[in-house]
Amino acid sequence: MCFCRSGKVSLSVCLSLPLFLSLSRLFYRCEAGSCVGRAWRCHIKMDPETRSRQQIVLILLGALTLASCYPQHRCEYEDYLLGRCRSPLGRRPKCTEIRLSYCEDMPYTETLFPNALGHTSREEVELGAEYLLMSVVETLLSSGGGGGGGGGGQCSPDVRMLGCAVMTPRCEHDWPMQPCRHVCETVRRRCAAAFDAIAMAWPYFLDCDRFFVSEEEGCYDPLEGLRVEQDGDDDYYGGLPPAEDPSFGSIRFGHHSEAELASVLSQTAERCSDVARTYSIGRSYEGRDLLAIEFSGNPGRHELLEPEVRLVGNMHGNEALGRQLLLYLAQDLCNEYRQGSPRVQALINTTRIHLLPSMNPDGYEVAAAGGQDATEDEEEGRKYGARNVGRTNAQGIDLNRNFPDLASIVYRRRRLRTYRTDHIAIPDFYWFGKVAPETYAVMKWVRSIPFMLGANLHGGDLVVAYPYDLSKHPQQHKLFSPTPDEKVFKIIARTYADSHPTMGRDQAWCGSSRASKNGIINGAQVSSFAGSMQDFSYLHTNCYEVAVNLGCDKFPAEEDMENAWHENQEAFISFLEGAHRGIKGLVKDEGGNGIKGARVSVRGVRHDVTTAEQGDYWRLLAPGVHILTATAAGYTRAIKRVRLPPGMPHAGRVDFVLTKTALEPNATALNRVEEEVVVVVRAEEEEGGGGGGYYSEQDDYERFDPYNHFERYTASALAARRQERRAEKPWWWSFFVGSGGGAAPTWLLRKED
Ligand SMILES: [Zn+2]
């Protein structure tokens, strides 16, 4: 009657038949010997007492049926391992010795089969893709897709031992032990970046929820032995790894593929999570993330009066040194901070530092691939930058020529007495041209953060070049073309060059910078070109940016990298500290509220800076006496005379309080113009040639990208990326193809979102 031969048949089936029969009789009313609505007959006429007694009997019968079914539920071995039942039936397996070479360093010596994956013998384990993965996983993670270790060392051999704990479970007294879930979770967290770096999914059989149990259920730590070897720090698997581990946080001086770069950045941010975070400023044409890392006492947000600095590398894809140096710098800042360096701690606590190691990852991939093909003969050409493969982005656009050319606008207006060299609006015609998604992402980035100092890193020369890059005379290409802030730019450039052991030497040039003066030069004197990032930064934002040319070799050999780092380490730190020069302060109203977008002017310098969201501003200045004016629409202006002594270790604090005025909003602006402008010469004529409405400039400035290039580019790039991914298998796939065992481990392929 009962179909409970296999424990897999559900209890409801066991119950349903007898109960159905009894209940059907009970609930149909018996009237005059026949059941209403049914053909069944009531043979016995029952009084209510008899009927209730029969009900009890039938219910007991049902319960008995259920009880008789239960013991026959067979606890299969897999059910037991998956926690579905308590005691497995059948032949009880015995502990056997682990005889799998990749699992021999486990803290126990005996295992038993079948394991949770259903393998019934050592031979079956050896044939499985899971074991194959464990045998190569350390190699895969440490190779990271390109050359050298990509941080996989952080999770080896842990991940392999975790796999062994599932494939060869610990056996004691012929009983399998379950590995701890929290150990699995820690390893998974620590391995995330390494798996990401090789685009591999977390293996299904290391699912912490399924194959591992909690402490309450009685688990053991499969990495026990490992922990003892690694100096017994109890924190090791609970929180941050120990700082004492000498290999931990050490910098690998070599080239890093795009995946390795991402992995190192995220590991660094994780290691210094109190003061660092990574973020993407957008995507390249081929859909690669433009990854930045930020260091700050409060990562993720601007703090009042804290200066923001940025360093951008690899704008030219074939100029790889800057990209690498920024990666080393990120790790160095994190290491020094953790080791308690007072200098780096002070720097990070008072400065918000953004590093974008690669602005052109697509170009880099091309250049890196070409670099591997270089033969001995090509060595010479490679060294002196003759090979420019990968310089541009994937669309063939030179990113350092692709920013809006605002210098031309300024030059055209320079006979106007009212001309300015700050916050020049981007003319609409710029957007009609080809705007690279990388350029666009950087433009959006530099407008969204109140950067006040920056550098972009190049190769092929050894000199710091400062604006303008565009010659003020269209026919003279090596013409000295200074900004109104020449003094300031010289100080900024000199900070870097003087902290570098060789850059400041006269004979150190290797490119075209013959006119360089001890390692610094006006950009236009090297070669004149329009649309550079530093010209744009100066003319459109509050950021003072220079171009640091790091050396003659654009793509140095791996063995030269460490030396290059030591040459630039001090220069980077000094440069970043340079954010604390000049003056800074708040422009407030009488109620103490910061005024956003107020202008701070320096008499004699036609370049204003504007206040950020909360009314804070930074103005780099050369030492000396300066007359400062703060203005804002709808307020009276305030003037201050400041003396800035040389060698001040911090920026001087100069605040302004502005009073609301009853006058029209434009009146203050007019007021300022009246004072500074004696005669307006040929205003109309100049405006006509200006290419953008000069008088409505302030309104235009707020406008950004009227054609929304961003959406267009990212949509197409993402589609292309998805297609490419579908077609291609990751490089490590070959390890698993034709391995003889079972099905190919498609579970290692990451699912695209
Ligand atoms: Zn360059």
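Just so it is clear, glycine is given a Cβ too, placed from its N, Cα and C backbone atoms.
Each of Cys164, Cys171, Cys208 is a candidate, yet TrEMBL gives the disulfide link of Cys184 to Cys208. Cβ neighbours within 10 Å of Cys184 (disulfide bond), excluding its own Cβ and spanning all shown chains: 26. Residue counts of the domain 'FZ' (90-222) by helix, strand and coil are 65 helix, 16 strand, 52 coil (DSSP-based). Over the domain 'Peptidase M14' (254-579), the average per-residue pLDDT in this prediction is 90. Of all Cβ atoms in the shown protein chains, 19 besides its own fall within 10 Å of the Cβ of Cys208 (disulfide bond).
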